[in-house]
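> I have a structure here, written as structure tokens, and I will follow up with some questions on it.
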Amino acid sequence: METEFVNANHLPHFLRRALPALGPGLLIAIGYVDPGKWAATVEGGARFGFDLVLPMLIFNFVAILCQYLSARIGVVTGKDLAQICSDEYDKWTCMFLGVQAALSVIALDLTMILGIAHGLNLLFGMDLSTCVFLAAVDAVLFPVFATLLERCKASFLSTCIAGFLLLLYFFGVLISQPEIPLPMNGMPIKLSEDSAFALMSLLGASIMPHNFFLHSSMVLQHQGPPNISKGALCLNHFFAILCIFSGIYLVNYVLMNSAANVFYSTGLVLLTFPDAMSLMEPVFRSPVALCVFSLILFFANHITALTWNLGGQVVLQGFLRLDIPNWLQRATIRIIAVVPALYCVWTSGVEGIYQLLIFTQVMVALLLPSSVIPLFRIASSRQVMAAYKISAFLEFLALISFMGMLGIKIIFVVEMVFGDSDWAGNLRWSTSGGSSTSYTVLLITACSSFCLMLWLAATPLKSATHLDAQVWNWDVQNTVSEPSMQIEEEIFSETRYTEEESIGGQEQLSGPGKSAESYSDVTVANADPDLPVTIMESDQEHHLTTIKENHSEITFSSPGTFYEEETSPIIESVSLSAAMNVVPGSELLGAKKIDIESMDSVEKTVDIDGDFHAEKEDDEGDSWEPEESSKGVPGSTSSLTSDGPGSFRSLSGKSDEGGNGAGSLSRLAGLGRAARRQLASVLDEFWGQLYDFHGQTTQEAKTKKLDALGVDLKPSLLKVDTAGKEFSGYFSSVGGRASDSQIHSSLGDSPNHLRVPSNIDSSYGGQRGPSSLWSNHMQLMDAYAQGPSRSIADSSERRYSSVHTLPSSDGRCIQPATVHGYQIASIINQIAKERGSSSLNGQMDSPAPISPSLGPRNYRDPLTVAMGQKLQNGPSSSQPPGFQNLAVSRNSTLQSERHYHDVYSSGSADDAGKSANTKKYHSLPDIAGLAGPYRDLYMSEKNAQWDKSVGFGSSVSRTGYEQSYYSNTRSGAGAGGPLSFNRLPKGHGDAFSFHMTPDPGSLWSRQPFEQFGVADKSRVVGSGLGNRSNSINREVISPVDPEAQLLQSFRRCIVKLLKLEGSDWLFRQNDGADEDLIDRVAARERYLYEAETREMNCVANMGESPYLYSDRKSGSVLRNDDAAITNIMVSSVPNCGEGCVWRVDLIISFGVWCIHRILDLSLMESRPELWGKYTYVLNRLQGIIELAFSKPRSPMSPCFCLQIPASHQHRSSPPVSNGMLPPASKPGRGKCTTAATLLDLIKDVEIAISCRKGRSGTAAGDVAFPKGKENLASVLKRYKRRLSSKGIASK
């Protein structure tokens, strides 16, 4: 029956929080208004005085512990204890547990019947047998009573009635005593074999087995407010249980104290139930009091029955597999309970009823040891309770409680069979007299319960024996109790029109015939449903609304402000693939993950892709659904594909088939066997640079000075001295490019920042995303050029890293500082709008030079040549005539547009420039300059005032020194000799083009941008301006080279890990700050790889047909040259100044991440071969322990180097607070991983590994498994020893 509270909005705040915890506690406590429990308490006080007061207190504390654990299980797991037991144990075990719970309920109902019968006897003076019949017949009234309560909000009304009855009960017992005597000599414990029977009866009266299952079920029906965390709700339940059971103990103490004073001190013998009730004689003297007493018992009986009706049905269905109506359940229990009551009345009379009341409590106590094992095991199971697993202290208390129950039971059984105490003699005497029922029942109950206890003790939970099959992850705020839905989206198209709106605009996603769907099984938390979201795009400014999902959250955010001058309907095709698979909750591997990703803001295609990992079980093993993504480029008929590794299928649009693919049965934790082997090899290769197999620094690392992890290295310092306010020139050529890359943040670095308009030609060169990963120091950010060619609005602009001020109107059509290949579509669309498709095609075939002075008239189309260029890392295979050893660095980005003004002079120099120009494009590592002609041609037509300045120059204000620049280059260019820019000229030494010779004095022999984030210390970037007072002088302190090499090696290692099949699992764990930082670094590298792949494929697709065969061949090589992309990407290390995470501390965090991941894999690994590989890696990583855990470390905050567009955030990635700043860490994940955390994980790994066994009689089972376990156990012991000594320091 579904229950509910009254409207919570009308209740005070205290009641709204207290009722969900008080309700289940009160409904459970009403079962203690039971004559059987009174009889046990009074019997203990009458026979042993105050000796049993302290044991009764201990029993009460054990009851509080058991009920709290039961409630905690219900709150945390969202399932009741019976359901979990049915999942964790086999059918027969569950059946025996169900029988025990049913016996406990029948015993409670039996005592209730006897109590009601006694009340009717006292009230009306009828025969006791008749009263038992009448008490049994009241079960007929139960359906009416239950129906009435169902109509009147059963939970709330039942709770109120239970609370009222408990108050009456407590008040009646307390006022019946003229005074409450307290023993002044303490509460002595004098236990003996004679008190074993009384102890067992008190234990059964304090703890009832069926309440464990009932309480966890009632908790689910009394859900609290959604804004209360599980931890707070568990605490509320604890205090509610503590208060209620404290009141119960107070009543029992009063009864025992009174019995001790009345019977024990006077030597009277208590034989009948009326004698026990004589303790409350002051109350029973009034007929009204007797009537109230009978009504209390009557309603308590029905409330108990209703409680069982609400929660006990789960016990019958989960354990006994019985699905019967509620009224039939009630009638069955009542009939079974009436039979022994009538038998006792007919054979033994009033004395027999009293003995039967105590007998039922003893029988319940015999069931306790076997009943608490599932409760304690589940509450302490990490697989079931996850983070809410009980503490070690509570586990110890649970163990002591169990041992105490078992000890009392053993003493009782031994005394009952072999002892000579009075109660044992009476039982055996009744047997010899022919009445063997009670003795036989107790003996059978004890033996069967003991056997079940042994079976449960030897049978682990299923989740503990299948660590690699099931891990239950419940969210902190929401409980997942229904079957999980695995969603793979179906394809539909949506049409979206952009219009000019402010922040208050609303996002509208409309599809053909249907609106955007909302998934019913995804809980929207911490999101304002009224928050307006605007998705707008224009020709010049492209902003993409962030659509994020993180666990159970769906958050929509939009850019703060939009600036548009031209708006036109832009139809975007949004592909959403969806297919639904229902996976039962017992097979769920983890919480459902839905990734909603969007393409880059420059593209006009948004892909919303679902990324799901759900586990499916079959007869042979586990298989995983792969992640698929399909992304397209507008204007291209072919989809983006890549021939790279299959693990990047979500990046490049291709999913590999075969190997450890979707159909592989060798999947483990998201990684196939081959991927796990490659993971271990990659990590072993990386850490092998630093440490040997003993965790000691290698000699090679010392020689190369790579052992720098213990030194706090700082990035290089840059001092910027601005002596003048105006500049007639700026950094030119390569020097200018380098400075520009530091001043201008690339799209790859910050894709969604506001574009900055200016007339700086060099800033719009062909620099690509990864090449902008050099150090961007904050001091250089403010050294922003101001010249006559800049507008007033632009000159007042300041830059802070990748955050720019708003664009001015005159620079509206200028593209961002970094032009990626995948921006070509946006540029072409702009041209098409102004000129039409035919004009566009003509321009693409033969673009005319903008200015005759910028280059020869027969130069080759840069777009045509760039389409077929091949990415190179190192010397080019083909070199231009007259150039020797043409070495191109990825970081010294030589834009294609530079050839229009570098060395084109008259005469032989002009002729040499023609041939050299043609070959240059094939050896350039950068293709981004291909967009230059079209952009500037477009700008020249849109802005007439730029006719003389727009082109492929490299200065801020070319009008200031353009003439001297060209005269300088022309004068030094000879027909066959070395060009003048091979030397640093006095006037404009920085205005050199690219000429690479084997001359040791050549500028290009040093590869200046291979340094760590900044230029070589021998380079003075401002030297091209001479010694003028208004120049910028940079004092550069070269960083330690080993640090840069180490960080570059780290980047390569991350890229290799990302290429592993199923690598998403590695970077989707919710761990500490170190792991979170590495996950962010990986997300950044993943995004860069995605950008590179899209760019390469876009160029290859666009340039396939209209160009030369040699270009097509080069383009195909480029598309397949994945290794070249990787090497180019990691040829530098980003650095954004002070606070940047790219320092040696990042390597320490990576070491912690590696230890954590290897231990996670070892926890589920069952192959000795991979155990050995993990052992190698763990041996090397011993060197990290001292650095990571010897002293407390503060977590590094994410910097701008880790910024990625929110549209590319994966579901498990940390949420982005806004479009500019890096995402903040999640609450609770801001602490570094401690040694204690790893120690707990190591203990789990040891337990898991010890259970792995191979097939006996085989080489694997007899040799590989024992040897692998021995080696892995050895290194784990060393880790435990080292981490134990570092535990205090790391906390």
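Yeah, the Cβs are placed from backbone N, Cα and C, and that goes for glycine too.
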> Per Swiss-Prot, which of 1086-1093, 1230-1237, 1262-1269 is motif 'Nuclear localization signal'?
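Motif 'Nuclear localization signal', as annotated by Swiss-Prot, spans 1262-1269.
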> Looking at 195-215, 1140-1160, which one is transmembrane segment according to Swiss-Prot?
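Spelled out, Swiss-Prot records transmembrane segment over residues 195-215, not the other listed ranges.
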> Take a look at 96-116, 335-355, 393-413 and tell me which one has the most Cβ pairs under 8 Å to the transmembrane segment (441-461).
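Highest pair count goes to 393-413.
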> Of the listed stretches (48-68, 96-116, 195-215, 288-308, 393-413), which one yields the highest count of Cβ-Cβ distances below 8 Å with the transmembrane segment (231-251)?
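Against the transmembrane segment (231-251), the leading stretch is 48-68.
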> If you run through the motif 'Nuclear localization signal' (1262-1269) with DSSP, how many residues end up as helix, strand and coil?
8 helix, 0 strand, 0 coil
> Once the chains shown are all counted, how many other Cβ atoms turn up within 10 Å of the Cβ of ASN227 (N-linked glycosylation site)?
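Total other Cβ atoms inside 10 Å, all chains included: 10.
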> To the transmembrane segment (195-215), which of 18-38, 48-68, 253-273, 335-355 is linked by the most Cβ pairs under 8 Å?
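So the stretch in question is 48-68.
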> Compute the average pLDDT of the predicted model within the motif 'Nuclear localization signal' (1262-1269).
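That stretch averages a pLDDT of 77.
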> Can you name the far-off residues of the same chain, 6+ from the ends of the transmembrane segment (48-68), with a Cβ under 8 Å from a Cβ of it?
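Non-local partners: 25, 28, 41, 183, 187-191, 195, 198-199, 202-203, 206-207, 211-212, 215, 234, 237-238, 241-242, 245-246, 248-249, 252-253, 256-257, 260, 264-265, 372, 375, 394, 397-398, 401, 404-405.
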